[in-house]
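Novice: What Swiss-Prot lists as active site, proton acceptor is Asp603. The annotation coiled coil is assigned in Swiss-Prot to 334-462 on the grounds of sequence analysis. Taken from Swiss-Prot, the feature domain 'U-box' applies to 762-834. Positions annotated as region 'Disordered' by Swiss-Prot: 232-308.
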Amino acid sequence: MALVSPIPAMGERAGSMRFHGIGSPGSRSSRSGIMDEPVSRLIDEKIFVAVDKHVAKSKSTLIWALQNTGGKKICLIHVHQPSQMIPLMGAKFPVGAVKEEEVRVFREKEREKVHMILDDYLRICQQRGVRAEKMFIEMESIENGIVQLISELGIRKLVMGAAADRHYSRRMTDLKSRKAIFVRREAPTLCQIWFTCKGYLIHTREATMDDTESEYASPRPSISASDLLQTFSTPESEHQHISRVQSTDSVQQLVSNGSSTEQSGRVSDGSLNTDEEERESDGSEVTGSATVMSSGHSSPSSFPDGVDDSFNVKIRKATSEAHSSKQEAFAETLRRQKAEKNALDAIRRAKQSESAYSEELKRRKDTEIAVAKEKERFITIKNEQEVIMEELQSAMAQKAMLESQIAKSDGTMEKLNQKLDIAVKLLQKLRDEREELQTERDRALREAEELRSHAETSTLQLPQYFTDFSFSEIEEATNHFDSTLKIGEGGYGSIYVGLLRHTQVAIKMLNPNSSQGPVEYQQEVDVLSKMRHPNIITLIGACPEGWSLVYEYLPGGSLEDRLTCKDNSPPLSWQNRVRIATEICAALVFLHSNKAHSLVHGDLKPANILLDSNLVSKLSDFGTCSLLHPNGSKSVRTDVTGTVAYLDPEASSSGELTPKSDVYSFGIILLRLLTGRPALRISNEVKYALDNGTLNDLLDPLAGDWPFVQAEQLARLALRCCETVSENRPDLGTEVWRVLEPMRASSGGSSSFHLGRNEHRIAPPYFICPIFQEVMQDPHVAADGFTYEAEAIRAWLDSEHDTSPMTNVKLSHTSLIANHALRSAIQEWLQHHL
């Protein structure tokens, strides 16, 4: 164990480090004499404070001690635990595996850090006008080190922490720290200890004295303050020891007046060793002597004349010299403290200067590189200028030639002006025809809407399932549920990709043991068998025997996978994200406004939005959806489920799902499309960014360069959708759609510059005839709700088929309805893309 005093010897830091103790001896000329201050008084004048290596953890303990010292001096004590692993070449090695020199250098650095930490504590004391000194030892156990310091130094008053500040509470009445409990139990009982936490006194262990500690508590009257002088050294070994110099009395001389019947006192010489540093320089020991009269049986008159006066003079002289030595020792302590502080400051300034010099060299090198690049750039520009001058001369020659051609072109331009007048008249005529066509188109759209409502009504007549598949077909399609064909798994069950009746499909195997399994199975069949929409997943059939649902296969994965770039999938561009948001909005409007069976999805999130090969989005997972009341206002449920981050807080508390619940989830999805960040607390982050004008920093850089105006418009629209009160959320069909549809149209036009030629010409899937697999020219809606090319569906019906080509379910009738709206959209797409 090594004890380090508050005044290190500056000249010996590099070798065997030596530090002076609390009380330093005086100068060499005044070391003989009696120091009349007892040990107990020196110890009682100080309050010892145990501090941690982290200033923040012990600052409150030190401040409490400063406020309750009563003007007494503070002594900071610290137990340093040497590291058993030495960092070397980017790694850490045990002490035994490293050279002794490297271990010694590392230990020196550790001690310098400890000094700097204790200096921070000293500055706190200095700011409050309290004198303080520092001391630390090196031990593997902190609590044993504190107890040993109390025993070795005879500490009477100690302040230390009862527990970490985070454990403090008003009800705290006992110690929480293992170290504090150990010190309270093992420390000498005559030491009074205050235990504090977060600036409050938690427990006080009062000092008591028993017979075993009487010698420790009451030093001999002959032991003066000089007995407290200590020599603290830093040994070469890892475990350190503290040494203390004690004064001893020996009988030296018998003084008598010549009478054989009278006794006289004896004179004893006490020798006090100075520190080892002075012994090495002098080669001899410095001793101090004092004369003490014993209380014999002889009377004062038995001494020779003048003996009392001579003794009194010597005692006064020794006392004066001891007092002077004490003052000089204190002055020397202050000087050494100041010298140590100045040396540490000089070292820090030197390191700062060295760092600044290195940075300046680096900046200079960077500047030289930049200058060299600028020179190369200047030469390149000069060469380009010469080339441009040559081209300019050539252009001047061409200009003269063109001027002659212009004169010839004037006559031609006159003729063209005449043709232009004719073209303007023709254009005006075409505009008139266009207005008439637009009027006819609007009328056709209204008729198509009416026909669509009739088609929706007809879908109610469909049977419960599209196609019944046998369990053997499901097993064959999934290769007996081969794990390599599994593409998804959750509490609902597993999803496999397979080939069923020569068609690639996705097969969801619901878990029949789940309490919600049969309910979700029946719910999805009832919902998806009665509706068709381009942005809602198509249910092809079911297998009641195996609780299986057969869907169309969408190879693009989920929107969640694409937002997180799962399996290194390419990120979605901002144009695709705007289009996907528009498609989801259209699907939700369809669900909410379907007069025959309006419903709320209830679990809208990116994981339930699937993408096909053309990144067309489709809603899925209708197992937890809820049918609305006939008035379309709400659906009362007591088991509202869903992902917390996307769940409407109002619906979660009331148990009532409304269309506004899907609006809230849609708003969170909009924010994720904008930022690419997790859904939890995303609305707060976007609102903060909008308020502080930092929205551009929050946008997902993987989506490309967002148009800031459109991005801000989307962000504010999404925040409105995420309002806590449902009445404040916008309507999807009137407000949200009017923002998204124009934005999709504008982004689609501008995005063609970035798309490849082949990708740009891919038709949307709802333009493709399910039979011919080509873009439809004359789309018609059949009784099964699907749209086909008129020629294809008529050929199907003429071949004596009375079932649906898609679902194999018997058709309720064979009438066909022309889909004018889809035909108009296909023609418009063909004009722009072919």
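Just so it is clear, glycine is given a Cβ too, placed from its N, Cα and C backbone atoms.
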Novice: Which numbers of helix, strand and coil residues does DSSP report for the domain 'U-box' (762-834)?
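Specialist: The composition, in the requested order, is 26 helix, 12 strand, 35 coil.
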Novice: Give me the mean pLDDT over the domain 'U-box' (762-834), rounded to a whole number.
Specialist: 83
Novice: Specify the count of other C-beta atoms within 10 Å of the C-beta of Asp603 (active site, proton acceptor).
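Specialist: Looking across every protein chain shown, the total is 21.
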Novice: What does DSSP call the residue listed as 'active site, proton acceptor' in the simple three-state scheme?
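Specialist: Looking at the DSSP assignment, the residue listed as 'active site, proton acceptor' belongs to neither helix nor strand, so coil.
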